[in-house]
Amino acid sequence: NLYQFKNMIQCANKGSRSWLDYVNYGCYCGWGGSGTPVDELDRCCQTHDNCYDQAGKKGCFPKLTLYSWKCTGNVPTCNSKSGCKDFVCACDAEAAKCFAKAPYKKENFKIDTKTRC
């Protein structure tokens, strides 16, 4: 679920950046998304959005699905082995790792999505 995703983000980035820094970043981070991603981090969010869309098509509710995971050496690892739980956990874990690797550009936080996306 979204609370677990927040914790995964903080696991992967070693707590160096708040999950709130990713809300309203670029064209895809936060609720919704459209247009062309502005950078690598925004592409991580687009991929995560697409993953959640795929989960929805499988009958899952990704924003609400509780799963089992652990943080080992700043790497989120899924423990869930069942359908929706495993799928959603993988979406979140891959996104958290992607966020941790991608450069964060302050100029892409709270951009005007009407003109830039």
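Glycine is treated like the rest: Cβ placed from N, Cα and C.
Taken from Swiss-Prot, the feature active site covers HIS48 (among others), and the record attributes it to similarity to another entry. Counting every protein chain shown, 23 other Cβ atoms lie within 10 Å of the Cβ of HIS48 (active site).
ASP92 (active site) falls within a helical segment according to DSSP. Among the features that Swiss-Prot reports, active site is placed at ASP92 (among others), with the record citing similarity to another entry.
The Ca(2+) binding site annotation in Swiss-Prot covers TYR28, GLY30, GLY32, ASP49. Following the DSSP three-state reduction, the secondary structure of GLY30 (Ca(2+) binding site) is coil.
Positions annotated as disulfide bond by Swiss-Prot, on the basis of similarity to another entry: CYS11-CYS71 (among others). Same-chain residues at least 6 positions away in sequence with a Cβ under 8 Å from that of CYS11 (disulfide bond) are, in sequence order, CYS71, ASN74, VAL75, PRO76, ALA96. According to its DSSP assignment, CYS11 (disulfide bond) is helical.
When other Cβ atoms within 10 Å of the Cβ of CYS27 (disulfide bond) are tallied across all protein chains shown, the result is 22. The disulfide bond feature in Swiss-Prot is assigned to CYS27-CYS117 (among others); the stated evidence is similarity to another entry.
CYS45 (disulfide bond) is surrounded by 22 other CB atoms, counting those within 10 A of its CB over all protein chains shown. According to Swiss-Prot, the feature disulfide bond maps to CYS29-CYS45 (among others).
The disulfide bond annotation in Swiss-Prot covers CYS44-CYS98 (among others), and the record cites similarity to another entry as its basis. When secondary structure is read from DSSP and collapsed to three states, CYS44 (disulfide bond) falls in the helix class.
According to Swiss-Prot, the feature disulfide bond maps to CYS51-CYS91 (among others), an assignment based on similarity to another entry.
On its own chain, CYS84 (disulfide bond) has ALA55, LYS58, GLY59, CYS60, PHE61, PRO62, THR65 as residues at least 6 apart in sequence with a Cβ closer than 8 Å to its own Cβ. The disulfide bond annotation in Swiss-Prot covers CYS60-CYS84 (among others), and the record cites similarity to another entry as its basis.
Taken from Swiss-Prot, the feature disulfide bond covers CYS78-CYS89 (among others). For CYS78 (disulfide bond), the number of other Cβ atoms no farther than 10 Å from its own Cβ, over all displayed protein chains, is 20.
Spatially close to CYS89 (disulfide bond) yet at least six residues away along the chain are GLN4, TYR67, SER68, TRP69, CYS78, ASN79, SER80, judged by Cβ distances under 8 angstroms. In the three-state DSSP reading, CYS71 (disulfide bond) counts as strand.
Annotation: CYS51 are the recorded positions among CYS27, TYR28, CYS29, GLY32, CYS51, CYS117 whose CA atoms are within 10 angstroms of the CA of ASP92 (active site). Closest to CYS98 (disulfide bond) in space, going by CA atoms and restricting to the recorded positions TYR28, GLY30, GLY32, HIS48, ASP49, is HIS48.
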